[in-house]
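See below for the structure under consideration.
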Amino acid sequence: MKAITLLSSGLDSVAALAIAAESLEIEMAITFDYGQRAGQREMEYSEKVCEHFGIEQRIIKLDWLGEITHTSLVNRDEEVPSLSFEDIDENSPSMITEYSAKAVWVPNRNGVMLNIAGSFAESRGCDYIVVGFNGEEAGTFPDNSRDYIQAVDNAFSYSTQNGVKVLAPLAEMGKTEIVKKALEAEAPLEYSWSCYHGGEIPCGKCESCVRRARAFKNIGIKDPLLERLGI
């Protein structure tokens, strides 16, 4: 069975790739550049991840998506919310995380990316598109949910001749379990970039950084990325 993977270089997409690669032939990785704050880091780190797995990478620019996005993930004039461990619950969203999700929302981003990936998957005879959608974030990002995945699969049954499907190995997992599974699969987490910002080091305060930090704290090991960066 063959697959294409969506790779942002974030914790979830790197973990999903590593897990899927244990049982599937990964044809290529697609990375999107839509003007996101962390774009430079994501391109740099995703290239390292592809080298690790020995797979082809295709970088696709979506300038128009950045142009129509007014939230802080792209718009440098808007502030990215800062959170703490106390603000986040693995099992249910809070008012703070719902606010944070709205502050970084990109219009129909996952829908656009999946449909582009669907074209590549069909053209290459691939059965699956591997994604890092996960259970923890599904509460605040509905386009991470099982219902969304099923809806996309249904659409692909009409729009692709080979019935491409979305494969989300992390769909039922929280971040702590994701880290455990990623380490078991020997994922190159030292080259996974979760931060919404694109600095030399992760900010440690955005929602993505906080969720990641809490997961490593829960299992009692140092984040391989921070170790590599000497933090």
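Quick reminder: no glycine exception, Cβ is built from N, Cα and C everywhere.
Here the structure is a predicted model, which means the values were calculated and not measured.
Listed features, source Swiss-Prot:
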- Leu7, Ser8, Ser9, Gly10, Leu11, Asp12, Ser13, Val14, Ala15, Ala16, Leu17: ATP binding site (BINDING)
- Cys195, Cys203, Cys206, Cys209: Zn(2+) binding site (BINDING)
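This view paints the features noted in Swiss-Prot onto the structure.
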{"residue": "Leu7", "record": "ATP binding site", "contacts (Cβ under 8 Å, 6+ apart)": "Ser13, Val14, Leu17, Ala29, Ile30, Thr31, Ser46, Val49, Cys50, Gln57"}
{"residue": "Ser9", "record": "ATP binding site", "contacts (Cβ under 8 Å, 6+ apart)": "Thr31, Arg41, Glu42, Glu44, Tyr45, Ser46, Lys48, Val49, Tyr191, Ser192, Trp193"}
{"residue": "Leu11", "record": "ATP binding site", "contacts (Cβ under 8 Å, 6+ apart)": "Gly132, Lys175, Ile178, Val179, Ala182, Leu189, Ser192, Ser194, Arg212, Ala215"}
{"residue": "Ala15", "record": "ATP binding site", "contacts (Cβ under 8 Å, 6+ apart)": "Gly132, Pro169, Leu170, Ile178, Val179, Lys181, Ala182, Ala185, Ala187, Leu189, Ser192"}
{"residue": "Cys195", "record": "Zn(2+) binding site", "contacts (Cβ under 8 Å, 6+ apart)": "Ala38, Arg41, Pro202, Cys203, Gly204, Cys206, Ser208, Cys209"}
List the other residues in this chain whose Cβ sits within 8 Å of the Cβ centroid of the ATP site residues Leu7, Ser8, Ser9, Gly10, Leu11, Asp12, Ser13, Val14, Ala15, Ala16, Leu17, in sequence order.
Val49, Gly132, Ser192
Among all chains shown, work out which of the binding-site residues Leu17, Cys203, Cys206, Cys209 has the most CB atoms within 10 A of its CB.
Leu17
CB neighbours of Ser13 (ATP binding site) within 10 A?
25
Around the Zn(2+) site recorded as Cys195, Cys203, Cys206, Cys209, what other same-chain residues have a C-beta within 8 angstroms of the site's C-beta center?
Val80, Ser194, Tyr196, His197, Pro202, Gly204, Lys205, Glu207, Ser208, Val210
